[in-house]
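K.L.:
Quick one: the structure is below, questions incoming.
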């Protein structure tokens, strides 16, 4: 092994590569602001005119999923806890199948823009409003972490200006979202996925050259107990086991892919349902590729620093800084490549933030503006959409300031998705899968699921689980050429994985802390979903849920599955935008109010109410 020298610093070429990535992203926004007559209607702006095809949407889904949280958090996760993280490959398969076969058919046939419109149609306007508020809070919180955390990690290692990077990221995202709408978001995502893969590839190739090949990296990982794939311990308190990742991970990520507006908005912008489903299945292959890259980077980190851990040796102050540290260490002889890695991390940030801003604008317009101001013209709605993009861009930058109080990056982000996403997943599953569920059951179930999720989630932040639950692996410093000679690796793990500013230290551990609050963070979503479903069904049954007459289009039916085979028929019907008629009966939502666009089916009959 080549002994580590001092790490390099950022040079002009690195800044140029980074600036180039930002400029190209902004240019795509400008192009779609004017291409094809620009964003004339809110439908063009928020849904890309429902004209997208599978491949760019699949790349966009991957980019949104793969924030800087993934780029920086996953390799340091593998470095500290081992390659068991790669079991997520199985999880992603289940997530994509559930999203494509359970949630997509219902959302697509209704032709909705906001997923919360479904809640209004299936239940009532109050359930819809709850879904809207929870989504907005969840997304702004998560986006704050996504902007701030990578900026902090990169600032402390590369000297990149912290708030300069935060504001630049937020402003560029807001600019191209506001100018080009969903089409700009999707095509910048395609470009950013390319940057991310290039960043990962440069690191993996150079690490393999320096360490003596992939075989050496895997051998070092094996000797360091990092190839710990098969932990079948059923204990739900163990942070990562096969079961927590497959079961808990499936619930956590289905709440993102199945019902989260940021992801759903992309695949229902496809021109037909076959393309929408294909976008999810192509995305699965891309997710596996990205997972392979991040796990390999984590193993390369371990191979490089197995006898001199930079974190224990105080060369970096947090695990999230290990990846930029590695980039400056092994790529310093190639000006521009460290900049490529930083561009890779920030591409993750841009893609996630832009999808969040676009989704927030869509939800606010559809759920809060259109339902109250029904006389607005399409041009006015388009201007309001763009104004919302600017507003939410500013809010997300503001939220980044608060995110500095949050703890370790990957877990904090997934915990937020679990605490809020779980109950929302339960709510949508109740509507789509349970014919007798009614609005009272939905509201009470959502409230119960959210309360339980919040209780365990906040408890885990205040009283983090002990190291025997998180099971960090040994990190050594005996090979470091410095005055620091700490070899007791437990010193690196006495402060548990979550580093929230709200932690309570030196408190006597109670059974509640050691059991309930020590539940694996991946189960937060599972608990929220199951409580929402269970309570929702009980309350619905006891409040006359069986007596209601539900329109079958609001439920998952056998025809939805059989329609997978429509592609083999010569004639297929493509459902147009908002083609669901509002009927007097069959729904449980008398208070729901909506504007429909006129659309003609093949018989020439007009559906929907007139504007």
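Every residue gets a Cβ built from N, Cα and C, even glycine.
According to TrEMBL, the feature transmembrane segment maps to 12-34, 54-72, 84-108, 129-154, 160-178, 190-210, 240-259, 340-363, 383-406, 412-433, 440-463, 521-541 (among others).
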K.L.:
Using a Cβ cut-off under 8 Å, which residues of the same chain at least 6 positions beyond either end of the transmembrane segment (160-178) come close to it?
P.N.:
10, 22, 25-26, 28-30, 147-148, 151-152, 154, 184-185, 188, 342, 346, 349-350, 353-354, 357-358, 361, 386, 389-390, 392-394, 396-397, 400
K.L.:
Within the same chain, where does the transmembrane segment (521-541) have neighbours whose Cβ lies under 8 angstroms from its own Cβ atoms, ignoring anything closer than 6 residues to its ends? I mean 6 or more beyond.
P.N.:
236, 239-240, 244-245, 247-249, 251-252, 255, 411, 414-415, 417-419, 421-423, 425-427, 429-430, 434, 436-438, 440-442, 444-446, 448-450, 452-453, 456-457, 460
K.L.:
Does the transmembrane segment (340-363) reach the transmembrane segment (240-259) with at least 3 CB pairs under 8 A, where each pair is 6 or more residues apart?
P.N.:
no
K.L.:
Within the same chain, where does the transmembrane segment (240-259) have neighbours whose Cβ lies under 8 angstroms from its own Cβ atoms, ignoring anything closer than 6 residues to its ends? I mean 6 or more beyond.
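P.N.:
Tertiary neighbours of the transmembrane segment (240-259) are 61, 65, 81, 84-85, 87-88, 90-92, 94-96, 98-99, 102-103, 115, 230-234, 280, 414, 417-418, 421-422, 424-425, 428, 471, 520, 522-526, 529.
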K.L.:
The transmembrane segment (440-463): which same-chain residues, six or more beyond its ends, come within Cβ distance under 8 Å?
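P.N.:
Distant Cβ neighbours of the transmembrane segment (440-463) are 119, 123, 126-127, 130-131, 134, 407, 415, 418-420, 422-424, 426-427, 430-431, 498, 500, 502-504, 507, 509, 512-513, 516-519, 521, 524-525, 527-541, 543, 545.
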K.L.:
Could you check if the transmembrane segment (412-433) is in contact with the transmembrane segment (84-108), meaning 3+ Cβ pairs under 8 Å among residue pairs at least 6 apart in sequence?
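P.N.:
Between the transmembrane segment (412-433) and the transmembrane segment (84-108), contact is present.
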K.L.:
Is it the case that the transmembrane segment (383-406) and the transmembrane segment (12-34) touch, counting contact as three or more CB pairs under 8 Å in which the residues of each pair are 6 or more positions apart?
P.N.:
no
K.L.:
Please indicate, using numbers and ranges, the residues of the same chain that are 6 or more beyond the transmembrane segment (12-34) and have a C-beta under 8 Å from a C-beta there.
P.N.:
158, 168, 172, 175-181, 183-184, 187-188, 191-192, 195, 335-336, 338-340, 342-343, 346-347, 350
